[in-house]
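S.K.: Dropping the structure in here first, questions after.
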Amino acid sequence: MAEHGAPAPAIPNGGCAARLPGNKVTVVLGAQWGDEGKGKVVDLLAQDADIVCRCQGGNNAGHTVVVDSVEYDFHLLPSGIINPKVTAFIGNGVVIHLPGLFEETEKNLKKGKGLEGWEKRLVISDRAHIVFDFHQAADGIQEQQRQEQAGKNLGTTKKGIGPVYSSKAARSGLRMCDLVSDFDEFSERFKVLANQYKAIYPTLEIDIEGELKKLKAYMEKVKPMVKDGVYFMYEALHGPPKKILVEGANAALLDIDFGTYPFVTSSNCTVGGVCTGLGMPPQNVGEVYGVVKAYTTRVGIGAFPTEQDNEIGELLQMRGKEFGVTTGRKRRCGWLDLVQLRYAYMINGFTALALTKLDILDVFPEIKVGVAYKLDGEVIPHFPANHEVLSKVEVKYETLPGWDTDISNARTFDELPVNAQNYVRFIEMELGVPVKWIGVGKSRESMIQLF
């Protein structure tokens, strides 16, 4: 310690230099209300990745990946697991429904060879919380109550996501480490939690002993996959050079803090959720790619300023085959909203964008883009936090000429019609973020890379 007011040495302990930050992770996030095509971007990047991670959400997410003409659906697993060389990591911020996890693997194994050997390539954080069947049942009851009491529900996926994050925040939840450590102790805590739920929801039926029997069987299967997640990530970041990819679920406008509350999910699906959901510091975040559909869609209810509840919306819905992967619900469709995208950029600091489904706009003679919101005739400077205000905004549009050409066979930017190129450049200029990929179809080959 420095004496008599003398300055301390510049380097702590006189010679301990700061550690090198280690490997960077590449993050892929949804920039709208979900369903932007994140799985496709991840699939592209996962081809030479070493580790692919999920950091938040549960099996309420839905990612589709097409490999060798086989369409795989992922809800809980990182979709990058389709690469046989990849280690998939489910972080502590994810909530895990064990029956859902094994059902997902079985369904995908029947479709093709993409998931072979998955058990040896999956690591699950011991700090991840477990979704129980009664969480899912409670989710359904809560939705029913909202409908009866307020005349509208939140439109949840009924996958138990809200209730399990509630248990986590109330500190009554159970984690993977509890399941695989001492099953007797786990069983006692499970009974307490189940009885709490029965007290809150008298109509809820829980076969406690039956559930525990099933959970014990899952425990045997999952135990080899459960590891200390913090140590796993630290080793991955500070060991030999590795390409680490983080696959965000849901999207910016569904974030519990920054989304169109209350019509949101229950986790942080913006860039901050990467650090808290994996147990890693922000200096290890590298590229942050925002995935943007060339128009806008939303599942369920909630404000949607650029929605086209007309023939335009129907045409977008039909051409884009806009149905939710998890719920099968029709997606609401509308024009691209740059006010909303600027807001998503402010929170996430996207380093580049992936613009997907540009080919869906092929048939429109002119294309509108929302560039500002007005309230009582005045342009408002920010994306409103209040849902009622957002519901009332009037959108100011910029109209761009369409290209009336099938672009699905384009493989370079120069092969796109001039008006399609101008549409992409307009988005870049308005947002101040470069577009790195343009999607013009379903296959891997139909992602045009610009740089």
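Cβ coordinates come from backbone N, Cα and C, glycine included.
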S.K.: With D35, E36, G37, K38, N60, A61, G62, H63, T157, R171, N250, R329 listed by Swiss-Prot as binding IMP, identify the candidate in T265, T270, T351 belonging to that site.
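M.R.: Looking at T265, T270, T351, the one Swiss-Prot places in the IMP site next to D35, E36, G37, K38, N60, A61, G62, H63, T157, R171, N250, R329 is T265.
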S.K.: Please state whether DSSP places G37 (GTP binding site) in a helix, a strand or coil.
M.R.: coil
S.K.: Measure between the Cα atoms of every pair in D35, E36, G37, K38, N60, A61, G62, H63, T157, R171, N250, T265, R329, the residues the record assigns to IMP, and report the largest value in Å, rounded to a whole number.
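M.R.: Output for IMP binders D35, E36, G37, K38, N60, A61, G62, H63, T157, R171, N250, T265, R329: max Cα distance 34 Å.
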S.K.: Could you measure between G328 (substrate binding site) and G34 (GTP binding site) for me? Cα positions, answer in whole angstrom.
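M.R.: Distance (Cα to Cα, whole Å): 14 Å.
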S.K.: Tell me, how many other CB atoms lie within 10 A of the CB of R331 (substrate binding site), whichever protein chain they belong to?
M.R.: 22
S.K.: Taking Cα atoms as reference points, which of the binding-site residues N60, T157, N250, V325, R331 is nearest to G34 (GTP binding site)?
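M.R.: Checked the binding-site residues N60, T157, N250, V325, R331; minimum Cα distance to G34 (GTP binding site) goes to N250.
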S.K.: In whole Å, how far is D35 (active site, proton acceptor) from R329 (IMP binding site) when you measure between their Cα atoms?
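M.R.: Just about 12 Å between their Cα atoms.
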